[in-house]
Amino acid sequence: MSVFVILILFNAILNFKTVGPAAVSSKTVDCASAPCMNGGTCADGFNNFTCFCEEGFTGSMCETEYGCFRPWFYGPAFGYCYLWERVDYNWTQARESCIDQGRGAELASIHSAEENAFVYAQIRRYAWIGLSDQVTEGVFDYADGTPVDYLSFPDKNKQSETRDCVYVKHLRVDNWSLLDCRANKTSICKSTTTFSATDGCATGWVHNPATGYCYFYEERGGMWSKGREFCLDAGADLASIHSAEENAFIFDMLTEFVWLGLNDLETEGVYTNFSDGTPADFDNFPADNYQNEDHDCVSIRHLEKTDRYWFFLGCDDTVTSICKRPHEVVATQAPPYLFTTTDVPATTTTIPTTTTTISATTRTIDAMILIELLLFPNNVSSIDNIFRVNNTILVTASVLGSFQALSSQILWSITNHLSGDSVQYTVYSEDAVLVRFTTVSIFTIKATAVGNSHNLTATANATVKHVCISSLTTSVKEHCDAPHPAVYLRAFDIHISTHMELNGKCIDPMTPDFKWRIFTSTEADDVVTAFEKITHTRQVMIPRGTLPYGIYSLNLNAKTRLKTSGEVTGEKEIISWLEIQPPPLVAVIKGGASRSHGVSSNLIVDGSNSYDPDVPPGSSSNVTFLWYCVVVDPDVMYSSLDEAIQNTDNACFEDEGIMMNSTSSMIEVIANKLNANVTMNFWLNISKEGQISGLTQQRIHLTLGLLPEIEISCISNCNMYIFTAERLVLHASCTNCDSENEDVSFRWSLESNHTSVIGDLSSQTTTGLDQPYLVLKPLTFDSISEMGSIILRVTGSQSDSDGYAEFSVDLPHNAPPALGSCVVTPDEGYALQTDFTVTCSNFTDVDEPLTYQIILFSHVDVVDWMFVGRGEGFQLYEGSAPIKDGLYLPVGVGTDDHDILLQVNVRDCNMASTSVYISATVHPPTLDAVGMNLVQELLDMALLVETNVNALLAVGDPGQAAQLISALGSILNSIGDEDDSEEGRETRSEIRSFLVDCVAAIPVESMTSLKQSSAALAVVTHNKQEISTHVQMLAASTLSEMTSFVKSKSGSYTQAQENIESAGTILVEGLSNILSAAKETERLLSDDTSQEREDHKNLIEVAVSTINDIQDAIVAGKIPSEAATIITSPALSIAVGSISRDELAEATFGGPEDLGSFRMPSQDVLNQAMEHALGTTVSMKMSAMKWNPFSWPGAGGESIKSSIVGIQLEADQMLEFHDLTADIDVYLPMRETLSADPVSVHITKTSSDSVLIDHSSLPVDGALHLTVIAENEPMVALSICTARISITESSCVGTDTPLGVSNEDPDTDANFTWTVPLVDLKAADGIMIRLYDSEDQPGYENDNITLSVFMHTLQCNFWNEDQQEWDSTGCKVGPLSKPSTTHCLCNHLTGFFGSSILVPPNHAQPVIGGHKLTGVDFLICVLIGYGIYCVALVIRVVGCSFAIRVHKVL
């Protein structure tokens, strides 16, 4: 491998001018004796010469042979050449690939720790070496036959009968491991052969030794300007010819006319210079050459009898081209004495700064020389003169000021500081040279202008780093058995992905840019850009309809940039091809595959919904309609029009044939032409020039009378063959019914042959079977896919008549892949310390290729002795390889014995899938248990994760990056459960902050990457005590951006809706963690820290906005009357649904008890309130937060501590209801009835306790709830009563209500719960609590019984926007309230935070005061309805039977 390449360019070529007078050269030519050996090229210097050695040779005269061909790298300490093969192969394929390299190459053998370290430093990923025990288990040998004299396995290396081949890991100590030889990995090849020299021209270019130039024949053809543009892009120009020999050389390359770099466009008949700037000192026009005025560009044509003549052609003619650029003379690689010349080499190793000097010591500086380094061919500057290996650099020198030069040439000197040694290489040129550095180093470039009395010298440093992109490939998501180029229909989105490998030596944090461009050409051969987009991830989607029909070139340019400076660290471009074709036309007859019709009314058969998929909705498709109609047997179904015509000759109407006269999109048949008990089969054929025609049919069964005209329309999954993996959405309607006055009921069924019901859909639908809409879940038809076609029928009933319509479901004959097996190895290990591999085998399917998808579930349940994943899964992998290694698995939940579940979905190209489940045990990593060692190990682990995450993001792999983040987050969570030290918590908090930053850096450009990133964020934010305010805000903002992406993808009723709801679940989990952390932070805030409270307010506003966006995204794809989407989490729950406007009356919506629900009043009540709303569908959204988040000063709720529930209804606009004549029923959850500090009460057989009530602070109605836990005597029976309490005596006013406890465990910790109506309580002073005395009363073991008493009452509040405060006007407590649920009756529903907020007070906060009554008395202030109500609990021990003295607290 050469360290640098010098391409000598002359001043005239590059048009660079030296400033100042020129002098005549007086060089001495020393190359006449041809001193350079082995093909070396000699260059004259001032009284010296320099040899440019061909690759494989070194020495001052190229006398020493050594080295390796690129891209092999030389191991000088071992005398071998090595190649890292970046393509993934199994072990056998990898060995074959090495052998195919020739020159004795084999999979590498490693014989020392030094050689192992050398190989380790060259690779970026795991790589096969040539060691295995495939012949004899446990006996290892190398493929190249060398002895096994060195091993580098870890102490705990696992070996099994299926793990026979050895691979090397990067970033590891003891870095060898065993794996199944069928797994795909990169590989290391090794060769002992030194290689021959090359000609210095790139692949495809032809070298002319006589001129020292490289030539390229461009065969596509184009105008003269296009030919030159192509050459310039290649770092060349159209060819100039300067001799008969060069003319003959180019002539022999040709097959037709080609452009040369000569024209007379500026002045007719005058051509003095070629386009590359060189003089036109040779031409070869024929003697009788005649030039038209419009023929200005020169070409040469390959004809035997033309004597290699040149001709003038029109510059716009289409002609191929010849490009020409300088030969790349290569200097050798070798040890530090690399660039030797006949001069004495420099010995200094100091890298000089960029300077300009003169040799005279007494001369005033009135002249200077400037050096500029530019990237060629675009001639742009580089940041800090930093370049990459194999960049071509244009180095220019300009002499400024008054300087008497001895020669017009510049003496260039390049010093290589590789390995601390400085060796110079000197060459003469005019004021510009091209330099290509082929190794990493820092080079000093010195330019010297030699003058009569003194010299001018300047230096510039060039830092050369590795090119960071090693390989780049693309794959387009193709249909089954797709040809090449892949064919796509214009009506469908095109998904393209890329795979990029990085150079393992590039370790700085980088970001990728992928520039996707699609080109086509016009009839005039102009290149047109049809699509262009820049992404930061490896996928791009070309929206449907973007590309016209034709064949396209797909060009991908990938760049990696340093995060810190934006410097380009690598660039690669590849080209592939695709073809866009027109789709078939789609014929549609409104109503369904068949339907009924009563002969009492005209029959309309409507095909106006037929369409061309390439024409935007609402635009005319310009198709031609052709109708056919035959009378058929109602029990016989024909699959084609030809079959129907062959089996019947009965036209539908006597005056017409089978082909009807109508060519319009709609047919209307008057009633008197219709006969009952007849089945007519209508066929519609639509056609359009240049496209495949569309054909469909509809059977209409005619019956007596007037029937409801029932029609079915398809909303989602409406292709010719449905995708069983997507949900199917249908809608039924009655076209002749008055929806306001006549009620039609619908009933759906699944049938075959029109008569027999073959399946129960009730468990497979999210809408039920009695709604106008029918939504069938994905995979509903998988169990019956062998039938090919089935019927979905809807019957519409009205009064005493029924009508029906049918939708034909054509199922592809597509069985899922044959069941194979998958294993995870090892099946037990440690997070971030064990490499897990999933290996699948024996899955087969005719519809290849197969795709393997691995989903991780961290939480595992056991159902029927089987592991079942809980919650949303994390996608670890999706691709075509059946073996996936290097998986980063998180720590399993400790309560699940650290088990995790992997679901592997194997699907064919038609989306039929088979799933298998495998489990593994993932423990926390083995770390030091305590002290600084633990802290340091965690920090080291975080640094390793950071390095790998940056590398993964640099190649556009956000999924693998999210895996790493999630794995480290799970480790922090497992440690946090056991380590409560301040230092440990602080360290984990810092790491969590860093991980949130990592998640925020992941670009979200697909639903898959969004779910992976949001899931990682949920893991990282799991521990509320380790998430600072800053991290809370960053996490909330990141979730907000993710939610905006989800919202942009919403509104589709297809499979995308499943992804949106899944993403919503993960996002809610992350928001719940943030809200929990925010509550913890709020609890710790000091009252006088205004900035912290402002930050808290900002955080809540972002969270609330995100909640609204999640709900909006989900509801956009909800079908009316479909089951609500309910997402629950510890701190936040939401419910989202949709309903038809005419079904809103008396509708109930909500979720489980901890979310709440509401019921709307009757239609009469709602009609007036909704008269201005125009929408036909109402979206319904609820959200419940465990705590009131609006607790900052000014929000009006500083004292409100309970949960809140938001309700929002929206049609075309937000629906608000005021002063309704009937109430809306709202049921609100009571989450924390036992969260307050209880009062400890002690009673005996002979003493009781009483509660003294301040009536002035009680609500008007409702109830008081008492919850009592018997701390030390759970099997007691208590009774309470309302009592009138005085100083001298007490007595029950209300009925004595006993409450016993059974032997069964209660649902909560509470043993006793009473509800006392406030109206009863107001007739007394308070409540007495005592032991219940009855015959079956249990025996009490203790004289003293300890009770914990909790109390709360109920009130329904809402946020009054006009008054900017919490209010209860228009809301009251309903009769169905209970300790766990508050029933509110409200005559209004208005807006706040995008919804109406209702607040149930759900716990008491007793404050034990110092007010002393008789005996042992306590003053308890209870938060009731978010006012402070004081209740005196008087606890006394007296000597008489239940005597109580009472004082009323004012």
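Our numbering is plain: 1 for the first residue shown, then up by one each step along the chain.
In case you wondered, yes, glycine gets a Cβ from its N, Cα and C as well.
According to Swiss-Prot, the signal peptide annotation covers 1-26, on the basis of sequence analysis.
Residues within less than 8 Å, Cβ to Cβ, of N90 (N-linked glycosylation site) and separated from it by at least 6 positions along the same chain comprise C181, R182, A183, N184, K185. Annotation comment: Swiss-Prot describes N90 (among others) as N-linked glycosylation site, evidence class sequence analysis.
Cβ neighbour count for N175 (N-linked glycosylation site): 19 (other Cβ atoms within 10 Å of its Cβ, all protein chains included). Sequence annotations record features per position, and here Swiss-Prot assigns N-linked glycosylation site to N175 (among others) based on sequence analysis.
Taken residue by residue with DSSP, N184 (N-linked glycosylation site) is part of neither helix nor strand, so it is coil. Taken from Swiss-Prot, the feature N-linked glycosylation site covers N184 (among others).
Other Cβ atoms within 10 Å of the Cβ of N273 (N-linked glycosylation site) number 14 in total over all chains. Look at N273 (N-linked glycosylation site): DSSP puts it in a strand. According to Swiss-Prot, the N-linked glycosylation site annotation covers N273 (among others).
Mapped onto three states, the DSSP output places N379 (N-linked glycosylation site) in coil. Residues or ranges marked as N-linked glycosylation site in Swiss-Prot: N379 (among others).
Non-local contacts of N390 (N-linked glycosylation site) by the CB criterion (under 8 A, 6+ apart in sequence, same chain) comprise R436, F437, T438, V467. Here Swiss-Prot flags N390 (among others) as N-linked glycosylation site.
According to Swiss-Prot, the feature N-linked glycosylation site maps to N455 (among others). Following the DSSP three-state reduction, the secondary structure of N455 (N-linked glycosylation site) is strand. Counting every protein chain shown, the number of other Cβ atoms lying within 10 Å of the Cβ of N455 (N-linked glycosylation site) is 18.
Residues or ranges marked as domain 'REJ' in Swiss-Prot (evidence: sequence analysis): 468-1187.
Positions annotated as N-linked glycosylation site by Swiss-Prot, on the basis of sequence analysis: N622 (among others). DSSP classifies N622 (N-linked glycosylation site) as coil under the three-state reduction. Annotation for N622 (N-linked glycosylation site): same-chain Cβ neighbours under 8 Å, separated by at least 6 residues, are D612, K688.
Taken from Swiss-Prot, the feature N-linked glycosylation site covers N661 (among others), and the record attributes it to sequence analysis.
Long-range C-beta contacts of N685 (N-linked glycosylation site), restricted to its own chain and to partners at least six residues apart, with a cutoff below 8 Å, comprise A587, F625, L626, W627, Y628, L641, S693, G694, L695. According to Swiss-Prot, the N-linked glycosylation site annotation covers N685 (among others).
As annotated by Swiss-Prot, N-linked glycosylation site applies to N753 (among others), with the evidence given as sequence analysis.
Marked as domain 'GAIN-B' by Swiss-Prot: 1274-1405.
The annotation N-linked glycosylation site is assigned in Swiss-Prot to N1344 (among others). The Cβ of N1344 (N-linked glycosylation site) lies under 8 Å from the Cβ of H1242, I1243, T1244, each of which sits 6+ residues away along the same chain.
Sequence annotations record features per position, and here Swiss-Prot assigns region 'GPS' to 1356-1405 based on sequence analysis.
Of all the glycosylation sites in the record (N175, N379, N455), the one with the smallest CA separation from N273 (N-linked glycosylation site) is N379. Counting every protein chain shown, 17 other Cβ atoms lie within 10 Å of the Cβ of N184 (N-linked glycosylation site). You'll find the Cα of N455 (N-linked glycosylation site) roughly 56 Å from the Cα of N175 (N-linked glycosylation site). Shown in sequence order, L394 are the residues of the chain, 6+ apart in sequence, with a C-beta less than 8 angstroms from the C-beta of N379 (N-linked glycosylation site). Model confidence over the domain 'REJ' (468-1187) stands at 83, taken as the mean pLDDT rounded to a whole number. N390 (N-linked glycosylation site) falls outside any helix or strand according to DSSP and counts as coil.
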